[in-house]
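Colleague: Annotation source TrEMBL lists domain 'Glycoside hydrolase family 9' at 33-487. Annotated active site per TrEMBL: HIS414, ASP465, GLU474, in sequence order.
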Amino acid sequence: MASATTFSPMLQFFFIIFCCLGYFSLAFTSQDYANALEKSILFFEGQRSGKLPSNQRLTWRGDSGLSDGSSYHVNLVGGYYDAGDNVKFGLPMAFTTTLLAWSVIEFGSSMQNQIENAKAAIRWSTDYLLKAATATPDTLYVQVGDPNLDHQCWERPEDMDTPRNVYKVTMQNPGSDVAAETAAALAAASIVFKESDSSYSTKLLHTAMKVFDFADRYRGSYSNSLNSAVCPFYCSYSGYQDELLWGASWIHRASQNGSYLAYIQSNGHTMGSDDDDYSFSWDDKRPGTKILLSKEFLEKTTGEFQLYKSHSDNYICSLIPGTSSFQAQYTPGGLFYKASESNLQYVTSTTFLLLTYAKYLGSNGGVTKCGGSTVTAESLIAQAKKQVDYILGDNPAKMSYMVGFGNRYPQHVHHRGSSVPSIHAHPDRISCNDGFQYFHSSSPNPNILVGAILGGPDNRDNFADDRNNYQQSEPATYINAPFVGALAFFSAKN
């Protein structure tokens, strides 16, 4: 007869501690991150506008916006809806594209079987941006849809009958911010496709150069040119100087053309290179530009770029608790906190910069100087991992803020297509006002927007799973884009 196994009091104590740690903290495996990576890319299929391809995987979506641009005699079919509405906003779409491309550039080697899906997500946008940039000389089409009227309706994109107004920037009504961001997107994407489709890559880069020249030559903010069509939705609060330097930096990296290096050297001081800035978003590119250009100093010790390395250190140090220049805000549960509306956009973009800078430092034996202390690449990775894990469910609420990932995730997503029955389940048209019955419904969304990362919890880690609370429950393409790179990184780590 087998004797009963007994444990010493000390072993029992450690067993209890181990169980408690397991209860309070989720440990994600590389397979978990790979699963989240796949879903984070799949989300972009739910945001597609235009004629859907035969290999569309989110099958509850259908074709939409098939006549976009036609009343203006241009073809503006395609691209992405930015968030939970049916407007195609050019500034956040271009920024999304730049960050998706940057994710592939830095961490594509870790994406394994998802690399083609990631490239398809980029191409869905760049195909549209190419049309927007080349349809009419000295013109960039930057938006389709009247946001003020669109927001008065709650209808799926397949039924959309709100005005599909087209907005553009020109020599007379400039938009250097949106144009330079479009140039950055096309240039970054040209690097992604350089080996797999060289002719497409060349087209992207040449168009990027033309659009950048247009942005630089005819200076002005698109907010001033388009007013209520873009404000307050995607007003360019930071101005356009940051986008000009960002766009030049991406074309420099993609082309290695000396004229862009000269542009950066000549204009950097007037375009934000001397500023310390602590927010990286669709509006403000300064921290991202500094991290991007610091690579030049770390790899080639290019003296002109030492300034960008120093300011990158200042930005990174502001995020690391315990350093002399720490100033970031974190929730009690450990989430980076920047704003009450769509806070996770700042979490994902910041996390991506932490990992990218860690990669640049690690590849070149560099460290971050924070006053008298030194912060290693490993410390940056650890800080990034806390943010990624929090989003995926390792948080006080034990809630995954990625739809479709984990056992518990938000059910009432602020998203028209996801919350209204699909055209397959309900073929009859659901009109502008009739859709609001689904908006106000307490039932979960009928169509799961797999992979969508929502706005996220407040500064006390509280989250309202409420469709009406768009600040917390609305997804956006630019929340997901940098997270793709972060998930790829962790999916490759044992």
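Glycine residues also receive a Cβ, built from the backbone N, Cα and C atoms like all the rest.
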Colleague: Could you list the residues of the same chain, at least six apart in sequence, whose Cβ is under 8 A from the Cβ of ASP465 (active site)?
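Modeller: The list for ASP465 (active site) reads PRO410, GLN411, HIS412, SER473, given in order along the sequence.
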Colleague: Rank the active-site residues HIS414, GLU474 by the number of other Cβ atoms within 10 Å of each Cβ, and give the residue at the low end.
Modeller: GLU474
Colleague: Write down the Cα-Cα distance for GLU474 (active site) and HIS414 (active site), rounded and given in Å.
Modeller: 5
Colleague: Which whole-number mean pLDDT does the model give the domain 'Glycoside hydrolase family 9' (33-487)?
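Modeller: Computed over the domain 'Glycoside hydrolase family 9' (33-487), the mean pLDDT is 96 on the 0 to 100 scale.
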